[in-house]
Each structure stands twice: as structure tokens, then as C-alpha cells.
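J.: Below: one structure in C-alpha cells.
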């Protein structure tokens, strides 16, 4: 067993000793985080413009490719979390993923620096007459994107937990250090977004794509260097095996005993062995999904070890494990409802770029133009401005009114964000209709390889971007907190990956939606809603369609939220609703 210490944990022969260096290792951890965010964000934030201008891709093709790339990247986090928890540990996973990410960015920067690795410059020709990339050029491009997917799949689910691993969770100073690290983590994320969406995007759009992609690649190289320089200081937690195995065991045991009759008082008769070193919260029995309770029914064939655990966990599970599985099942509908919500967010990251390209992006009477990809910064500003206002002003007043921690429940916060997303799409449609009308009646010039530039200022895109930032401040942050609190403690890395998987499916769904709209509106009386030249299409109708889908999804979410039972809320069984099995250990 472990012994508490300020700097180390003495382990048994089966477990390596962990040396918690805390803040001594933070310069390397935080430095690695900062440079990694600068590299990945600087590369991906303007990728849509790169594909349409340098690789001469049509907007539909480029948007679909970005959706597939983003979706695959987010999906890869689930595999990365599984491999890290089961086989390699977070240190090895992060090391391998960081190198893969650097190589991917290096390959991508070479596609811009070497003329033979991208199509020839199209000049002012119409996009339809521009030569597309050759199969070899696409292969090189996809190699770079594939390496970046591998890198993100290992980095995203592990970096936050790896930083927290450096502090001893059994000491007060360690707990405070973990909280401070979380604050630093989100600070570095905001810092990287600010630099990427301003300086790096400006270099890419107005100086050189070779330099604009080479700088993030160099930042990723510095990230790798910082990570490996601190290797001797890190606490490297040994993987304990995937917690998903016990989940599968519950289903298998329940299927094997599906013909047995359920007891009338399951909380008294079901097998409920709980290991002494378990970090998971004790869960009371719930009446939902009672068919799974059969996995914990003891029969004469079931044998028990001296410590009380089942000899064959594939035939007999504990009631605690059954309830943990029920928690996972209850989360799934809430998670599914967030997928359609993400579609509205994706529009503010893709088609808003095309809107900006065909809007007047000049600042005042100067010749300086705001890069199209930089408009996303207004969404981030909306989020960062709203968070302190909500946390410091609104929450205390709500707490006095509702007497609830946080003022309102997590699901209520998610609902508010979904409503704001619906209004965002409606406002986006109204602004796009105005932009298109002015582009047709009062254009200010021609955009290279696109249509007329509207006399509507690009600053009119700020309301929709700010509003989606407010929406994220409610729904996305609430969702992350929801997964963290509702998942069993030993599955929180999987819970963190679930949010990325939702983004992944949303990107695929968005790509499918765009393809279907493009296909079915081509022969309609209104014409193609999503052509290369937005002035010839009806992007506003597409935004209204997303708003309608969001409204239907909101109704589905309300039904799921009404049905949902929070973790630890039982069904009246005479048990303690929720308690720590080992209060000396604080789960991270």
C-alpha cells in the first residue's frame, strides 16, 4: 500500500515509486503545453483558407475535408485514452504523440514551402479553371494531416491528467497545486488561441504560407524539447488496465443470468464487494435498467475469493459495478443531444470564414484587412468575457435565489447554451441575407477567384460570433464538468474523451449535412444554397435549417434531462447516497 508523503509515495514491489516534484516539474509541463497549443492551433485555425487558396480546392471539398480531419482527430482521442490507460501510460503516450504531431506539422509546412508539393498558383482565374492537386500532392498532404491526427489522439486526452499527476493528491499542497495547474492550463490555451488567431494567421494570409506553417512546426519542436528535458522530474503513473473491462463484464454477466428473477430488495441481497483501495464514490441502488442487476445475483455456481471478490467476474459482478455501468448508460442520451448542438458551433468556424472573405474586412479608412480566419477570436473573447461575469456576479445571486451550488444545475446551464446557439444561427442568417443583398447591389470589389465583396463591414459578424462564445461558456464548460462529475472516478479520462468523440461525430454530421444540402438544392428554384460564390447561393437558408435542427434537438434534450438521474441519487434504498470509499485518497 502507498504511504503519504509530501514528495514521494512508497510503493510495493509491484508498483514503481512515484516522486512528486510538483512545481519543480511545472516549467517543463506548462512550457510543453504552451508550445503545443501554439503549434496545433496555429496550424489548424487557418487550414480551410490554405486548402482553398494554395491547394485550389473548392469550398465544399475543403469544408468536407476539414470536417473529416476534425472528426477523425477528435475520435482518435478515445483510442489514445484507451491505449494510455491500458498499456503505455500517459508519459509514453504523450512523448510518442508529440513527436508524431511535430512530424505532421513539418510535412504540412513543406507542402507550402516546396512548389512541387502543391498546385501552381491560380492567380485571378475563376476557381473552376484552377488546376487541382495531383494524387502525389494529396498523398503528401494527407500524410501530414494523418500524423497530426495521431498526435492529437494521444495529446488531448492525456496532457491535462499528466500535469495533475505531478502533484501528490494525498496532501493539501498537492491538491492546491492541481487546482492551480488547471488554471494555468486554461490560461495557456487562451494565450495560444490569441497568438494563433492574430499573429500566426496574419503571417499565413499576408506574408507567407511557408513561414506561417513553419512557425507552428517550430513551436511544436520546442514543445517536444521541453517535454523530454523534464523527463527525470516527472511522476510517471503506471497504467492499471482499462476500466472498460469491468463494464463489459457487467453486460456479459447480466446476459448469462438473464433468466433469473430479480430480488425484491436488491440493495440488501445483491453481491456488492468493494475493494479497499477503490477511489470511486459509493453508489446507491437505482431502479433504472434493472435488468443489469441480474449481473450481481449470487447463485450456487458463483465462487468468492477470501477478500470477497468474485473468482469469475464475467459471471458475477458487484452492485457497485452495475451502478457504475448505469451511470454510463444514463450519460449517453445527454451526450447524443450535444452532437447536434456542436453543428452550430462548426458553422461559426467554417462558413463564417467564407462570409468574411466576401465582406469588407477593412478597418476604418485604412488599408489593413482583418484576416478572415482571425474573426474567430471574437467568439473566444465572448467566452472569456462572459465567464468572469457569470462566475463572479451572476452565480452568487443565483445561489442566494435558488439555494443550489452553482446557482443552477449543470443540465440547466447546458440548456441555456443550446437556446443561445439557436438564436446564433437565426442572427447569422439575418446578417448573411444583408451581406448578400449589399454584395449584389453595392459591391466594393471582387474577391480573387470568388464573387463580389459586399459593402457590409465584416464587423457585423461579431454579434453571431460573440453569441456563440456565450453559448460555449454555458454548454461546453457545463458538459466538461458534467462528464467529470458523473463518470466514475477511474473513468474520467474516458469521460474527457467522450466530449471529443461528440465533436468528431458532429463534424461528420456537418459534412454529411452540407453534402446533402448541396445535392438537393442544386436543381431547386432557389439555386444551390452553398456554391463557391456565396452571393449566388442562400447560406442564410442553410443557417435557418441548422437553427430548426437545433430547436428539435433542444426538445429531445429536455426529455433526456427530465429523465436523467444524477450520480449518487438513489431510489429510496436505505443507504448512504454518496460517500468516498477511501477519504484519504482524492481522485484527480
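Glycine is treated like the rest: Cβ placed from N, Cα and C.
Unlike curated records, TrEMBL annotations are generated automatically.
So TrEMBL says this about it:
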type: TRANSMEM; residues: 60-82; note: transmembrane segment
type: TRANSMEM; residues: 94-115; note: transmembrane segment
type: TRANSMEM; residues: 135-155; note: transmembrane segment
type: TRANSMEM; residues: 184-203; note: transmembrane segment
type: TRANSMEM; residues: 209-229; note: transmembrane segment
type: TRANSMEM; residues: 327-348; note: transmembrane segment
type: TRANSMEM; residues: 368-389; note: transmembrane segment
type: TRANSMEM; residues: 410-431; note: transmembrane segment
type: TRANSMEM; residues: 451-477; note: transmembrane segment
type: TRANSMEM; residues: 498-521; note: transmembrane segment
type: TRANSMEM; residues: 541-561; note: transmembrane segment
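Map these features onto the structure and tell me what's around them.
T.: Sequence-remote contacts of a segment are chain residues at least 6 beyond its ends whose Cβ falls under 8 Å from one of its Cβ atoms, and for the transmembrane segment (60-82) they are 44, 47-48, 51-52, 93, 97, 145, 148-150, 152-158, 242, 244, 346, 350-351, 493-494, 496-498, 500-508, 510-511, 514-515, 518, 530, 532.
Counting same-chain residues at least six beyond the ends of the transmembrane segment (94-115), those with a Cβ under 8 angstroms from any Cβ of the stretch are 32, 36, 39-40, 43, 50, 54-55, 80, 88, 137, 140-141, 143-155, 158-159, 162, 208-210, 212-214, 216-217, 220-221, 223-224, 227-228.
Beyond its flanks by at least six residues, the transmembrane segment (135-155) meets 36, 40, 43-44, 55, 69, 72-73, 75-77, 79-80, 83-84, 93-94, 96-108, 110-111, 117-119 of its own chain at Cβ-Cβ distances under 8 Å.
Here the transmembrane segment (209-229) has Cβ contacts under 8 Å with residues 28, 31-36, 38-43, 46, 50, 54, 94-95, 98-99, 101-102, 105-106, 108-109, 111-113, 196, 200-201, 203 of the same chain, all six or more residues outside its ends.
Within the chain, the transmembrane segment (451-477) has long-range Cβ neighbours (under 8 A, six or more residues past its boundaries) at 338, 341, 344-345, 348, 352, 355-356, 358-362, 370, 375-376, 378-387, 390, 413-414, 416-418, 420-421, 423-424, 427-428, 431, 434-436, 438-440, 442-445, 499, 532-536.
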J.: Mind checking which residues reach the transmembrane segment (368-389)? Cβ under 8 Å, same chain, six or more beyond either end.
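T.: Sequence-distant neighbours of the transmembrane segment (368-389): 45-46, 48-49, 190, 193-194, 197-198, 201-202, 204-206, 348-349, 352-354, 356-357, 361-362, 458, 461-462, 465-470, 472-473, 477.
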J.: I'm a bit unsure how to read this: which one of 327-348, 498-521, 541-561 has the highest number of Cβ pairs shorter than 8 Å with the transmembrane segment (410-431)?
T.: 541-561
